[in-house]
Amino acid sequence: MEGTESRSGTASSVVADWSLAFWTLCAVVLPVLITLWCSFQRSRRQVLIRDIFRKSKHDWHYTDLFGQPSYCCVCAQHILQGAFCNCCGLRVSEGCLKKADQLFLCKEIMMRSNGEAHSSMPHHWIRGNVPLCSCCMICKQQCGTQPKLCDYRCVWCQYTIHDECMMDYLKTEECTFGEFRDLIIPPYYLSTINQMRKDKRTNYEKVVPYCRKHWMPVIILANTRSGNNMGETLLGEFKILLNPVQVFDLSKIAPAKALQLCTLLPCNAVRVLVCGGDGTVGWVLDAIDEMKIKGQERYIPQVAVLPLGTGNDLSNTLGWGAGYAGEVPVEQILRNVMEADGIKLDRWKVQVTNKGYYNLRKPKVFTMNNYFSIGPDALMALNFHAHREKTPSLFSSRIINKAVYFFYGTKDCLVQECKDLNKKVELELDGERIELPNLEGIIVLNIGYWGGGCRLWEGMGDEPYPLARHDDGLLEVVGVHGSFHCAQIQVKLANPVRLGQAHTVRLILKSSKMPMQVDGEPWAQGPCTVTITHKTRALMLYHSGEQTDDDASSVSEQDHVREQTDEDV
């Protein structure tokens, strides 16, 4: 009897153990299987979505959370996530993507032509998801106030209208292209030009709006890799307001190719907005110089800057600000481009010839827009550049970039790698030898700003030195005693060592290797001769609205520059 009870107790404990093991295994394996299944389904769904995006005529982008209350344009349901078109602004749920492709046309960059020349086009209405605080063009009351898919927006003129105000005649009324009609390249213009090129005709002067007096089409060139990585967002916002054919991503197409659009547009009327840092601006200006070499000088555009880089000294000099972080609406940026005044910017040739009897390499040649330097600031740029090359993902913020610069500047204050520079170099200004005091760095300036917003030549402004100008064919040459001196200059606690102004600068590095930079592009250089001479002038746009305290003293100078430019024209 006792044996039977002991065997049954053993059997029940074994069953309990197995049961515990089974449920433990289920508790471990089941979540893993569910996770794997969800991951498989997600990857499969992403492949399907990418396939739809690739085949679609819409410029679809997927988001996990819309920035404002949104409704699917197909099923009219409220959605938190889904796809949106960067060109026409359509918003749809994931399940309605295929249907949306069939039901809705995107912005047409070129009008479908039947052989006839067009000079107008009807509105292109999209229902729902109108911009916040938009008003009806008929009754002037606010649109989009109801919690459902309602009201209409034209993808070209951006006018909005209530459902009840939408009358039959409005559906066929001609679109005026709204506030930015003078900046937009109409689809019917491109189709007419395309037909004329097929017929080998080049008399574009009579084509609308080529013949319109105030038409100044704008081309957007955005570098999505610059500074704070806002380029991607800006591309979409500009495509909504303009013709998508006017908006280029410089990570996918070179500026030289994008600027060929200028040859289809009126001479001396095109404006280019470069969204990026000073390096991106230099890249675009180099492409414009190539247009001059090709004999396309009459198509040269004027260049405005939206600063997305770290230093942005050139954009600061031209009145576009020290940095853009989304604080100004894109509409206001386009207004600023329309209102900006034309000025000229000197560009300089920097030739670096290595020393040595057996040196057969060609001299290095750079184009300088901002400044050239040798010494501590070039060393900081070199260290920053090397660090960014190793871990580029860490340098996606302007604040982080400046913090790294601060770290290397502090390090150089202690190490002083560039000391006794005056014993290692010789400096000539317009052929005249300059006796150098005890220095660690020499900076050759073309523009008023340096080091992320410091007016270096003027310093504290307590001495009667003329303002630095960027169109007078003169370079300003200054010296610094080290990284700590640079920091003092930036906070207006010290003045630079002013060495003079010149049309030609020659610098001879006699011995050792020193850091050098041209417009933020650094390298380590051995014994050499650096010669800086005038190369050409670029047509730029100056915005007078971005005035800072330092700019107040130079307002009269900029007015004089604009007056001189008008006289030259």
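Any Cβ shown, glycine's included, is placed from N, Cα and C.
All TrEMBL annotations are machine predictions without curation.
According to TrEMBL, the compositional bias 'Basic and acidic residues' annotation covers 557-569. According to TrEMBL, the feature domain 'Phorbol-ester/DAG-type' maps to 57-106, 122-175. Among the features that TrEMBL reports, domain 'DAGKc' is placed at 213-354. If you look up TrEMBL, you'll see 546-569 marked as region 'Disordered'. The annotation transmembrane segment is assigned in TrEMBL to 20-40.
Same-chain neighbours of the transmembrane segment (20-40): none, counting only residues six or more beyond its ends whose CB sits under 8 Å from a CB of the stretch. Mean pLDDT for the domain 'Phorbol-ester/DAG-type' (122-175) in the predicted structure: 87. Helix, strand and coil counts from DSSP across the domain 'Phorbol-ester/DAG-type' (122-175) read 5 helix, 13 strand, 36 coil. DSSP assignment over the domain 'Phorbol-ester/DAG-type' (57-106) gives 10 helix, 14 strand, 26 coil.
Counting residues per DSSP class in helix, strand and coil order gives 58 helix, 34 strand, 50 coil for the domain 'DAGKc' (213-354).
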